[in-house]
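Down below is the structure, laid out as structure tokens.
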Amino acid sequence: MNKKKLSIRWKITILSYILVIFSFLIGGIVLIGNIQHTEERELKKRLMNTARTVSEMTEVKEALARKKQTEAVRHAVEEIRMINEADYIVVMDMNHIRYTHPVSTSIGKKSEGADEEAAFAEHIYFSEAKGEIGTAVRAFYPVKDQDLNQIGVVLVGKTLPGIADILLHLKRDIAFIVVLTLGFGLAGSFLLARHIKKQMFQLEPHEIVRMYEERTATFHSMNEGVIAIDNRLVITIFNEKAKQIFEVQGDLIGKVIWEVLKDSRLPEIVERNKAVYNEEIRVSGKVIMSSRIPIVMKKKVIGAVAIFQDRTEAAKMAEELTGVRNFVEALRVQNHEHMNKLHTIAGLIQLGKSEKALQLAFQASTEQENVTEFLHRSIQNDAAAGLLLSKIRRGRELGIAVHIDENSSLQQFPEHVDQHDIVVLLGNLIENAFGSFETVQSEDKRIDISIEQTDDILAILIEDNGCGIEPTHMPRLYDKGFTVNKTGGTGYGLYLVKQIIDKGSGTIEVDSHAGQGTSFSIVFPMKGEEAQHGS
């Protein structure tokens with residue numbers, strides 16, 4: 001049978017109450033000790049004053065001078081003793097003979113106290129002696145005649161009050177303080193325990209431990225990387241999948257995020273208090289899909305959490321599919337174009353114009369070979385070449401001449417930019433150029449594409465003579481969801497283009513005039529910013 005565990009509320013209450021009682025006892029001991037010292041100091045002062053008073057009494061001086069013990073002296077001294085609450089007053093002459101004493105049988109007898117000798121040499125002092133009923137304090141004072149010659153000694157004694165005496169004397173005050181202290185201590189302990197339990201969401205420590213272990217196990221078993229920081233940019237969560245994605249090891253909890261990851265983009269979430277969803281970033285050659293959300297409590301940002309998904313394999317497949325799709329599109333357009341030309345050639349043959357039909361066939365074959373050979377020679381990436389071929393064919397379908405500068409060249413990709421990025425960038429810019437002709441009525445519709453590459457830069461220029469972009473649209477050109485296409489468009493094309501340019505540390509310039517056309521000029525450094533600064 002399991003014993004019922006004592007709740008944290010009662011544990012805190014009992015512990016706090018014990019601490020209050022212990023503190024009260026310690027305080028009481030210190031206080032009683034101070035009272036004892038004060039009582040001793042006051043007692044010594046009172047005893048010495050009493051001894052001095054007795055030594056100056058005329059009756060005492062006359063009795064000592066005449067060496068005559070009288071009842072009058074004993075009564076006078078006894079009266080002084082009672083007034084000053086002394087236990088005893090002893091008057092002795094220079095022969096140590098007692099003239100007064102609390103025990104009448106001792107009067108007239110010689111005193112043999114070990115602490116008396118100094119008093120007969122005109123010394124004024126105190127002595128203490130422990131007895132059966134406690135410690136007695138004795139004050140010694142010399143008695144002198146008119147000529148200042150010592151004629152005797154006055155000894156006044158009293159037992160120091162013990163702890164029991166002090167407690168008995170202060171019993172009412174102590175009772176009041178005990179009730180007040182313990183009452184407030186009990187109430188305070190209970191309120192403190194209740195407050196702590198409330199701060200713990202009414203959970204017991206073992207329940208919190210279980211929840212923490214479950215949460216930790218859940219985070220580490222997730223297939224997504226999870227990183228959380230507080231408003232001081234200190235890491236509070238860094239699960240195992242995140243360590244795999246970012247290739248880090250060890251216990252990272254408690255470290256500043258900058259020390260572990262240079263580009264987690266979490267600090268900007270804390271600063272701006274704005275969530276970012278499904279953003280693709282590149283880290284260590286990996287394609288990462290990231291969502292970053294601020295953690296808000298009571299309208300105050302207390303941290304941020306990021307969820308990362310490794311999309312590297314998916315991105316590679318997408319790149320392959322993109323290349324295949326571009327070639328398929330190019331073949332579809334080419335097939336459509338060839339079918340039209342074949343019909344034309346068949347018609348010419350039926351009309352008996354065989355030479356003209358043969359000339360048209362050679363012309364079509366030559367054009368196709370020239371375009372294919374040029375793209376194969378100048379554009380080393382198949383996906384990019386397939387994209388450009390499909391756009392050339394599609395332009396012919398739309399009645400738009402797509403020209404690629406004969407000096408164009410693409411041999412390799414800049415650092416931080418890959419095949420997928422170049423295909424997305426070219427595809428979106430060329431599609432935007434196609435869209436600019438939707439409202440244009442012109443015989444000369446033209447798109448010019450130039451791709452120039454050196455050891456230092458990759459420059460891409462795409463120009464069209466379409467409708468252009470309104471000046472009012474320019475500030476929002478790269479905003480997610482914003483589109484200038486009146487007949488459709490998702491608003492993601494130029495947003496993705498800008499993301500790719502930022503990732504590759506590139507620049508983009510737009511020159512557009514309404515009714516005249518638009519040009520996009522993009523420049524990527526072949527080496528990243530860090531490499532350039534290092535060199």
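Positions of Cβ are set from backbone N, Cα and C atoms, glycine also.
Quick look at what Swiss-Prot lists:
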- 1-11: topological domain 'Cytoplasmic' (TOPO_DOM)
- 12-32: transmembrane segment (TRANSMEM)
- 33-172: topological domain 'Extracellular' (TOPO_DOM)
- 173-193: transmembrane segment (TRANSMEM)
- 194-535: topological domain 'Cytoplasmic' (TOPO_DOM)
- 213-276: domain 'PAS' (DOMAIN)
- 333-528: domain 'Histidine kinase' (DOMAIN)
- His336: phosphohistidine (MOD_RES)
Original post:
Is the transmembrane segment (173-193) packed against any residues at least 6 beyond its ends, judged by a Cβ distance under 8 Å, and which are they?
Top reply: 8-17, 20-21, 24, 28, 167
Original post:
In the predicted model, what is the mean pLDDT computed over the domain 'Histidine kinase' (333-528)?
Top reply: 81
**OP:** Could you break down the residues of the domain 'PAS' (213-276) into DSSP helix, strand and coil, giving a count for each?
**Re:** 26 helix, 13 strand, 25 coil
